[in-house]
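A.B. asks: Straight from Swiss-Prot, here's the annotation block:
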| type | residues | note |
| --- | --- | --- |
| BINDING | THR65, PRO66, ALA67, GLY68, GLU69, GLY70, LYS71, SER72 | ATP binding site |
Amino acid sequence: MKTDIEIAQAAEIQPITKIAEKIGLSFDDIELYGKYKAKIPLEVLEKFDEQTDGKLVLVTSINPTPAGEGKSTVTVGLADAFARQDKNVMVALREPSLGPVMGIKGGAAGGGFAQVLPMEDINLHFTGDIHAITTANNAISAFLDNSLHQGNPLNIDPRRIIWKRVLDLNDRALRHVTIGLGGPLNGVPREDGFDITVASEIMAVLCLATSISDLKERLARIVIAQNYDRKPVSVGDLGVQGAIAMLLKDALKPNLVQTIEGTPALIHGGPFANIAHGCNSVLATKTALKLADIVITEAGFGADLGGEKFLDIKTRQLGKQPDAVVVVATLRALKMHGGVDKKELTSENVEAVKKGFANLERHIKNMQSYGLPVIVAINQFASDTESEISTLKELTEALGVSVSLTQVFAKGGEGGLDLAEKLSAMLQAKPDFRYLYELNQPLSVKLDKVVTEIYGGSKVNLSPKAKRQMREIEENGWNNLPVCMAKTQYSFSDQANLLAAPEGFEVTVRELIPKIGAGFIVALLGDVMTMPGLPKNPAALKMDVTDDGKISGLF
């Protein structure tokens, strides 16, 4: 079979103006970025404001293997399947970060015959949104350090600056740096560090903002440091929220592209789900809900991370809950959770599937606990055997849950027709949605609910630093914000090697970081990194471009 990029390059891509017409947008309703990409201005959303929202389908997954389980692929293929059934459908996805693209994953725009196009553009610089976020983030750093240099009128304690610079690459050497060296003309020396851009609070702010004015208000609230009296210092205190919003005004507009089969797709925003909230932008999802009858969207990593955050964080800003949830499962991931070594995952092992099913079962029950109907999509791989597939189907159906074997990677929309048909029936009912916690509950209760009710743990321990931070959060009146757990994606726990569905474990919160602009409190668990490193053999080693500009090796 051809590689993803070979399939994408051989596909017949339509002018973006034709894709816009499918969802009722005229030439004047879009801003072209070349022939195959466009942005949708915010006024267009206002134009369709009275339109009834379409149905919303959330695609999530079990705890993944390092290679991922194909959530984006299933999301795209499912949208194409609905389109084949003459449904007015759109897909809403996150945009990829260059760090993982050049590092371990390669491209991140779906796979096989279920991809979004133009694949190379989306995976590289796209419309420049992530670069704008990088610039906006680092501009705040520059203004902060300038304030220190110019007499420190805000009385900022350089030892208590929490705002870091960012870069959209994996670069471990930048995690801890010293800046301001070289004498008085070069600023105030202090310790600093870099995060990957998609971990920046600016990314989360962009993805949760609903307008330019909301964006400005959120930017102003971002806490960047403490002063010598241990009081918070914000971007608003620097007085640069207007300038930063100016840098982001175009990045705030959703990006319109298409799938291989010509289904309209909005790709906008890309926060990681293990260190941020892991969902595409509220504006993109809102826009899709106004323009389509069915919207398929995804949330990063497993249902314990992106899924939980979509439901407890994003939906509160979106004003709309999913009408159904698709949990993507693969036999290779179930076998990994069943104790099989990663090198043996392509070999048949029915007993490991049975043992690893505990992971899928917990994810199903977690999503059902929100009052949502759930269907399992088995993302089929060539190594899957009939006995493994039938075992997984039987185990899932024994829970009273629908299951569908999807082959969208190999067959595109055709491979998702059964899933689309079963979902159509599920979408007729209105779910009785309920949140995991209420915003007015104490932060300690919210943490406890996520750990005990979603993860299956028994207790939350706070480090001395986290205890102090919790007191400061309460003193500053930030207790009514949702929690955003930052942890490993491979396990329900904070330990990557604790697979399947562990119980009775304790988790330790290392730090509680207030992201007041985004509107949540990040709880750092385990050793999760906000600036990844490159592997020994980065994916970039296989990438190249010919003399005539044709890209190869991008997954």
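From the backbone N, Cα and C atoms, a Cβ is placed for every residue, glycine too.
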A.B. asks: With H, G and I counted as helix, E and B as strand and the rest as coil, say where DSSP puts GLY68 (ATP binding site).
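C.D. replies: Assignment for GLY68 (ATP binding site) reads coil.
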A.B. asks: Of all the binding-site residues here, THR65, SER72, which one's CB has the most other CB atoms within 10 A?
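C.D. replies: When each Cβ's neighbours within 10 Å are tallied, SER72 leads.
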A.B. asks: Taking the Cβ of GLU69 (ATP binding site) as the centre, how many other Cβ atoms fall within a 10 Å radius?
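C.D. replies: A count of 24.
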A.B. asks: Using other CB atoms within 10 angstroms as the count, which residue among the binding-site residues PRO66, GLY68, GLY70 scores least?
C.D. replies: PRO66
A.B. asks: Other than THR65, PRO66, ALA67, GLY68, GLU69, GLY70, LYS71, SER72 themselves, what residues in this chain have Cβ atoms within 8 Å of the centroid of the ATP site's Cβ atoms?
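C.D. replies: Nearby residues not in the site list: SER61, PRO64, THR330, ALA333.
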A.B. asks: Within 10 Å of the Cβ of ALA67 (ATP binding site), how many other Cβ atoms can you find? Include all protein chains, please.
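C.D. replies: Result for ALA67 (ATP binding site): 14 other Cβ atoms within 10 Å.
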A.B. asks: For LYS71 (ATP binding site), what residues in its own chain, 6 or more apart in sequence, show a Cβ-Cβ distance under 8 Å?
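C.D. replies: Those within reach of LYS71 (ATP binding site), by Cβ under 8 Å and sequence separation of 6 or more, are VAL59, THR60, SER61, GLU298, GLY300, VAL328.
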